[in-house]
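The following features are taken from TrEMBL:
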BINDING   I11, Q12, G13, R26, T89  substrate binding site
DOMAIN    17-218  domain 'Radical SAM core'
BINDING   C30, C34, C37  [4Fe-4S] cluster binding site
BINDING   W36, C37, D38, G91, S133, P134, K135  S-adenosyl-L-methionine binding site
BINDING   T39  Mg(2+) binding site
Amino acid sequence: MLPINEIFETIQGEACKAGTPSVFVRLQACPVRCPWCDTKHTWFVDSERRVSIADMMIKTEDTNTWAMMSPEDVLLAVQAFSARHVVITGGEPALYDLRPLTTLLVGSGFSVQLETSGTQAIQAHPYTWVTVSPKVGMPGRRSVLGETLLRANEIKHPVGKPADIQNLLSLPIEHALKPEIWLQPLSQSRKATELCIREATVRNWRVSIQTQKYIGVR
Ligand code: SF4
């Protein structure tokens, strides 16, 4: 059973899968505590905020309410949409054993992507596309794990200032098997975007623009 904050359909806007119609499944809970987190309402699993699956599915605002769902419940919910790509996000979804859910989704014909901070070991079907957005030195004091970087299909790093590049370089990314590395400017800042372009060009990395924020979707 998994605490689910929301399930909705949109276009994946970031990194390698940008442009892909997707059903986002957002799990509740995250101990990383990034100061600039835009999903702070997912940090805690407050039992008083538990709602029914039906109520969770119809909510239209970011709230800290959540519903407990089995993998079968989630499959039923995502099958109600058109998209055949499922993005499991959070919160920090890798806090949970995602093997039952990802195995069910893959077996039902979905492609599956997992977005994680890299601070937990990945428990997911081997076909799961793992996007690690490493959070270094955050108040939650969680370390980015080498084994999770090794499992990553892509690394998507939020960048606001030069120190963020240094944080990325401090990680053992050279050991990752497929180090497709994306630098993503924070908050569409021009300065951060220029920094990302400069660093990506020098290092042959890539720049991830949060296209969902430019086309006005979630
Ligand atoms: S890891 Fe993600 S959900 Fe958790 S605090 Fe950081 S940005 Fe927010």
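Cβ coordinates are placed from backbone N, Cα and C, and glycine is handled just like the others.
Structural mapping of features recorded in TrEMBL.
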{"residue": "I11", "record": "substrate binding site", "CB count, 10 Å": "17"}
{"residue": "Q12", "record": "substrate binding site", "CB count, 10 Å": "23"}
{"residue": "R26", "record": "substrate binding site", "CB count, 10 Å": "22"}
{"residue": "C34", "record": "[4Fe-4S] cluster binding site", "CB count, 10 Å": "17"}
{"residue": "C37", "record": "[4Fe-4S] cluster binding site", "CB count, 10 Å": "15"}
{"residue": "D38", "record": "S-adenosyl-L-methionine binding site", "CB count, 10 Å": "9"}
{"residue": "T89", "record": "substrate binding site", "CB count, 10 Å": "23"}
{"residue": "G91", "record": "S-adenosyl-L-methionine binding site", "CB count, 10 Å": "29"}
{"residue": "S133", "record": "S-adenosyl-L-methionine binding site", "CB count, 10 Å": "22"}
{"residue": "P134", "record": "S-adenosyl-L-methionine binding site", "CB count, 10 Å": "23"}
Cα-to-Cα gap, W36 (S-adenosyl-L-methionine binding site) vs C30 ([4Fe-4S] cluster binding site), nearest whole Å: 14
Other C-beta atoms that fall within 10 angstroms of the C-beta of W36 (S-adenosyl-L-methionine binding site): 10
C30, C34, C37 excluded, remaining Cβ within 8 Å of their centroid ([4Fe-4S] cluster): V32, R33, T39, K40, T42, W43, E92, S117, K135, M138, G140
Binding-site residues: G13, C30 - member with fewest neighbouring CB atoms within 10 Å: G13
Binding-site residues: T39, K135 - member with fewest neighbouring CB atoms within 10 Å: T39
Substrate site span - longest C-alpha distance across I11, Q12, G13, R26, T89, in Å: 16
Where the C-beta lies under 6 angstroms from ligand 1, the matching binding-site residues among I11, C37, K135: C37, K135
Near-site residues: substrate, ref I11, Q12, G13, R26, T89, CB cutoff 8 A to centroid: T10, E14, S22, F24, V87, E115, Q212, R218
Distance [Cα-Cα, Å, rounded] between C30 ([4Fe-4S] cluster binding site) and G13 (substrate binding site): 22
DSSP-derived structure type at T89 (substrate binding site), helix or strand or else coil: strand
Assigned element (helix, strand, coil) containing G13 (substrate binding site), judged by DSSP: coil
